[in-house]
Amino acid sequence: MWLKYKECLKAIQAAKELQFSGRWPTRSGFPHFTEQIIIDIFIPKTTWYKTYAKIFPIVEGDAPAMRAWLEKNVHTPEEDLKLWGYNQNEYEESDLRWWLEERNLLKDKTSKEDMKKAEEDRQMAERLARLEQEREERQERERLEREERERREQERPRPSQKRKKNTGPRRLFSMHTTTKLILFLGFMPLVSAAQNTQPFPDIPFRTFSTFISNTFHPDVPLATVLLVLFTLTDNTDLLNLHGHQQNPQYLRENKTLATGWIRALSRDLIQRLGGQLEMVTKVAVKLNALSQKLDLNPYSNGDFKRKLQPVSYDKIRGTPIICPSNMFCLNQDECDPRALHQATKLEDIPLVTLVKQNTVYRDVPVLTGKLWNKYYLNSAKYLKVGQSVWVDRPFAQGVVNGTYNFHASASAYMQYWNDSTLSKEANFQFSRRQIWQAFIQESIRMVATVNNTDLALQENLNIEKQLGKRGVIPVGMDHSCSECTQPYKATADLIGNDDPAAVDVEMDSDPVKMIILDGIVMGPTHCSFDGCTDDLKNARGGALCANHEIAYGTRCRVRDCIRTKIAGTHACQNHQAAWRKYRLEHSSSALAGIRRRLQRPDEHLPWQNNNVQPRPPRRAHDSDDDDEPPPRTQFFGPSKFYCVETICAPCGVVIAWTKFDRSESPTKILQFITDVYPESATRPAYICIDKACKVLRTAITHDRWQNLLDSSRFIVDSYHYINHRVTDYLCRKWCNPAPLDGSAPNLVKTAIDKDGNQHLTRAFNTQACEQLNAC
């Protein structure tokens, strides 16, 4: 029997090689190849599936001793006794079956089940053979028809002149179809489906504990148990492959308890735990048993149930709580000397949204300690970036790194996060202000860490105390460093050119200081009434300050109108059209287009009329046109300050700031400088501003600014100086930021480059304020 079985397998293998090489004689009348054709030559079909196919594969795979005995032709009585346990002249199929059953190697199945499976396999093989034969016949017919068409085409007489093909309608149809396809794809929503998950295994803890104690060890560490557990739950795809291989469905597939998939997982786990690699198979068997206990198997009793999906950890995810990281108060004079007490009542504890490790947590409680001061600790784990939004430090560090490394703005980083799959799954989006807040707070901690200090601020800060009384910051006024203060020089180190009209400015021998002025358009709002810059009574939708709200009362907000406004609007019956126009122009849908046109006024889109001239560009912030806009015709919405003017030192330290309404005129600039430096002795030697020549003209023509000219000199910053007119004698003579004729020796100094060569360079950074506003 064994020799016949081996010869049958050899014949099947040889026939397969003929089939794969295309030498099987199908076209000569032979049926399509199947294993059953070869089996019928050697052994009857019933005997093959009942005996040979059931017993001998087990002998080949799981009984090496019996396989070696069958390979030998002659056996000694001692060999028979050692293998079989008894001696007899001939051993039959029943003896081999008994030998396998004694060793639990033979899978007991009824003859009906074997016959049924064999019949199903035979029918499947015949069906596949019939389909393959039909496919080959169809290909042969198509080949013959193609050759016949080519022969007829060659025999057909060719006309002397070809007729021009009419491809117009077809091309139009193709373009029409393509257009519809593009429109369909363009309006189709681009939504990425979230990956399906399955719940975390939910079995009784007693069952899990008993299994771990009995299978592994009663004293196994908790960390090891959790590592094994999460290793299985994180690798559901591998368990799918393992379970599929464990349940054979076709002939000559072997059922293996420890497949190569689970053995590879076992090997990696042993290496992580520092175990011995000889335990790979034993650990693999235990991992298989644990996966069965956790119901992480796609099969049940040999029947396919479902494909395992990634396991969701939502049910076992820990609940984070935001609280101080220090166990004691940093200032022993403000709180108890040992413990830091929780200050918020249980019913008043706020619940916020926390983004931690790229995971969004909802309803996270925030606990605070009893402190008089607010401390921005460098060791803080979480940062508050919104009214009810907190982030962890890695997220804030990612914002800083993305801003610097990719030159990304807060809006770009916000869009990157909001477009990510994680944001869509969590149904949470950041705002631009929150991203910018994360950047600012993380930057503060980076600077504080370098200086080995923590920022401490009092609760309920007074804005004037921190940002300066009337805009003057005391810390900035007293600041002095090598970048913003230079030693006085009576003469220049080197004279690059000789200008006979050069003016030698007499200055004191005190250290030379410079301040830089510049404005930035930020758009803070204020009362819309003429000449009033008070804060709005209602910053969310209001247009007037508290005094003018009382003064106007129920009157129409159109200038010089004394009628009563209609409820729910700010206009009377006669001015409802103006009110509706204002609401339409200031709606969220209209503001996006208006903002785009203001930012890119010269943009000309391809679909616009070529004869339409682009709009004139809007007045730039640093232009010479300082004419104030005309008075408003209505007070439906608040007015906005034109810019925020800043005074800073060349090193970047802010000294003072104020808000200019309606324009950045030279008189406002001169008044701002006079308010910050009322005494001549405290004024800097140089005042740098982009429109210094125009400010100088205004100061010259007005006697009240004469004392300012006696103590300081106005110069243009280096960036804007190149755009000023060459014919402007006043600007070229007095406002040059780095004259080489020796007229201002304290603005130019010598330096040594890396090659040891001496060269001239500017003594002050005149772009400090521009750089500050660009941040």
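Any Cβ shown, glycine's included, is placed from N, Cα and C.
Please treat TrEMBL annotations as automatic predictions, because they have not gone through curation.
Here is what TrEMBL says about this protein:
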COMPBIAS  131-158  compositional bias 'Basic and acidic residues'
COMPBIAS  159-168  compositional bias 'Basic residues'
DOMAIN    321-420  domain 'CxC5 like cysteine cluster associated with KDZ'
DOMAIN    516-581  domain 'CxC6 like cysteine cluster associated with KDZ'
REGION    131-171  region 'Disordered'
REGION    602-631  region 'Disordered'
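Mean pLDDT for the domain 'CxC6 like cysteine cluster associated with KDZ' (516-581) in this predicted model: 89. Taken through DSSP, the domain 'CxC5 like cysteine cluster associated with KDZ' (321-420) splits into 25 helix, 28 strand, 47 coil.
Broken down with DSSP, the domain 'CxC6 like cysteine cluster associated with KDZ' (516-581) shows 13 helix, 10 strand, 43 coil.
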